[in-house]
Amino acid sequence: MTLKFTKMHGAGNDFVVLDGVRQQIALSPEQVRYIADRHFGIGCDQILLVERTPREDADFRYRIFNADGGEVEQCGNGARCFVRFVHDHKLTSKREIVVETKSGLISPRLEDDGRVTVNMGAPIFEPALIPFVSDSQDAIQPLQVGNETVQITAVSMGNPHAVQVVDDIETAPLSTQGHLIETHPRFPKRVNAGYMQIVDREHIKLRVFERGAGETLSCGTGACAAVVAGIRRRLLDNSVHVATRGGTLSITWAGEHSPVLMTGPAITVFEGEINL
Ligand SMILES: N[C@H](CCC[C@H](N)C(=O)O)C(=O)O
């Protein structure tokens, strides 16, 4: 089978985007891993599959597969690339669309300056819904990682995140802690491990060891989770610029049950075909 694909990135978090509207696509985990492989395949952090949806209240369905082959609930940087893709490939003329994901509806919008704003929905703190094994919803909770105890904020943006505050992002222990947190038994569906450095109340630096992909240059839901965590810890104001290794994302959250808004880039790099 020959598949047309589009290679895209959102602040360096890169994607292979597949048009499941004009092509009939059903990928096995092995095929996902092959496409995502940076030596034997195309190479990407995630694969994004665009599909029609039967829902009346949505324009498309959006399926996300991590490089390890697992299908997941949400991808923030991918949502921005999604709306750029469907607009540029003339699957819609709308500049704002409603997209069905495994974790609910999101609405990305193309801005006049070329960036994309996404309403990512409200963060979730109930442990059972993250999911996180805990009898507390405190903003800061201890987590035993190897032979040390770290202080995390557990939050879901549709996908699970464990966020820490560090003094220096450059020395954050992603290489030693990242996988241990990702696979921690208190996160039954595994978790994305975020490390943020507070620059001031409107600026942070962020690195994320992503579930199913390892450290990426940027993580959109991770940026949302980090800002929410910082606001809950009373360290940040409501609008924050998040500097990631691949670029800057702007996140706004008014607190409580209000939605998190994310604005950032969505870039098309090249089009191609791959034989599966
Ligand atoms: N690794 C994530 C999915 C991709 C999220 C990230 N690339 C983003 O931009 O939000 C997870 O397993 O939940």
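Backbone N, Cα and C atoms are what each Cβ position is placed from, and that goes for glycine too.
It should be emphasised that the depicted structure is a prediction, and the values quoted were computed from it without experimental measurement.
Summary of the site annotation: TrEMBL records substrate binding at Asn13, Gln46, Asn66, Gly76, Asn77, Asn192, Glu210, Arg211, Gly220, Thr221. Screening the candidates Asn119, Asn159 against this entry identifies Asn159 as the one listed for that site.
Under DSSP, Cys75 (active site, proton donor) is assigned to coil, being neither helix nor strand in the three-state scheme.
Cα to Cα, Asn192 (substrate binding site) and Cys219 (active site, proton acceptor) are separated by 9 Å. Annotation note: Thr221 (substrate binding site) sits in a helical segment as assigned by DSSP. Here the CA atom of Cys219 (active site, proton acceptor) lies 11 Å from the CA atom of Arg211 (substrate binding site). Every protein chain shown contributes to the tally, and the Cβ of Asn192 (substrate binding site) ends up with 26 other Cβ atoms within 10 Å. Neighbour counts were taken at the CB atom with a 10 A radius for the binding-site residues Asn13, Asn66, Asn77, Thr221; the maximum falls on Asn77.
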